[in-house]
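Chemist: Quick paste of what TrEMBL says about this protein:
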DOMAIN    226-386  domain 'DUF418'
TRANSMEM  100-117  transmembrane segment
TRANSMEM  124-143  transmembrane segment
TRANSMEM  204-226  transmembrane segment
TRANSMEM  246-263  transmembrane segment
TRANSMEM  283-299  transmembrane segment
TRANSMEM  319-337  transmembrane segment
TRANSMEM  349-368  transmembrane segment
Amino acid sequence: MGILLLNAFGMAMPDAGYINPRAYGGGRPIDDALWAVNFVLFEGKMRGLFSLLFGASMALVVDGARANGEEGASVHYRRMFWLLLFGLAHHILIWANDILFHYAVIGAVAYLFLRLSNQVLRRWAVGLLVASIALHFLMAAGMHATVAQGTAPAATTAQRQAAEQVLRSSEGPGTPGIADHLKTYRSNYRTIVKERSDDVRSEIVFFLVFLGPETLGLMILGILLLRNGFLTGKWPDDRLRPVARWGYLLGIPPSIALAVWQWSLDFSALPVFTSFIAWAEPFRYAIILAHAAFAVLVFRRFAGTALAARIAAVGRAAFTNYLGTSLLMTTLFYGYGLGLYGHVGRAEVYLFIFGVWILMLLWSKPWLDRFRYGPLEWLWRSLARGSLQPMRRAAA
């Protein structure tokens, strides 16, 4: 559910508006305030939580396969193969910002870490996340240095051109890609599919290079948090509360400061873009851990309630909900559907988010009361196992 708080903006408006509220879909105080809330609490954090849970679920599936006398590697890599194909189809046929292909590739690598000790896993997780921070800081610092050189009075023609290129790529107001996105995604299905097909290689490489170390580090951390009982509810409240408290204390105040800084600069393109790709990253990891601890505490507190049961069902059908949401939202916004792309402001997008949340809560539990898996979970499992899996629950 949480990932829709971010993805919805990538479906409703040009990518520049996802990053910068002045680039598209904003301008009103309510739009800026909602952007700030997303930036501080959700941007990158929902993807991070998904990475943690992906790593943990991968370990559970492999352990379950081995317990049933199956070869864990075979089960895992068949799952990743089909996930990769689902992701490729999702990217080309439904939505360009697919993450499933990326998770399939990184998940194939993450399997190699399953036999390592917790101590070694911890070192790898920390090392990869630090490497990700360093990579993105170097990229951002290089962008600022290029612009500083290119805008200096003594700048050469080459330096000025390099600075202009950096600013064009910073997804700010007036970015040429905005008009291109509006034209493409307000057009017909064939045109949109061709655009996504042409971009698929560059998108895949970008995700692997730009997000690969972070995703792998968080998947490994998810394996570790499963093993030590953090994600399974074995940690007592007095151990989880400090994780949530310190994670929020270390992550939220500097994230707020970054949001205020960007706002004070009237969302100038380069500071917003480099905050998005780099400056917020260390604080994001603290908030991801805090969110994870808080979620365990909340579900423990409200376990057994009707709402908790419905939210849990949404999670159990996460694959179906993720792809179903993409199909629904792109049909609402793209030209081959209702054609709302670029016509809905940032604040109004939340109405669609809440509506989709309600649909998820309404359908997931009744379905799973009758069936073992969500529809696409069943399909994925059947393809990976090479045979149709039991679907209906046994009659009580």
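Using N, Cα and C of the backbone, Cβ positions are placed for all residues, glycine too.
What you are looking at is a predicted structure, and each value in this text was computed from that prediction instead of being measured.
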Chemist: Using a threshold of three or more Cβ pairs below 8 Å, and leaving out pairs closer than 6 in sequence, do the transmembrane segment (319-337) and the transmembrane segment (283-299) count as in contact?
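Modeler: The transmembrane segment (319-337) and the transmembrane segment (283-299): touching, no.
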Chemist: Looking only at residues six or more beyond either end of the transmembrane segment (204-226), which have a C-beta under 8 A from one in the stretch?
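Modeler: Non-local partners: 48, 51-56, 58-60, 99, 101-103, 105-107, 109-110, 113-114, 118, 121-122, 124-129, 131-132, 135-136, 232, 277, 281, 288, 292.
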Chemist: Restricting to the domain 'DUF418' (226-386), report the mean pLDDT as a whole number.
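Modeler: Mean model confidence (pLDDT) across the domain 'DUF418' (226-386) is 95.
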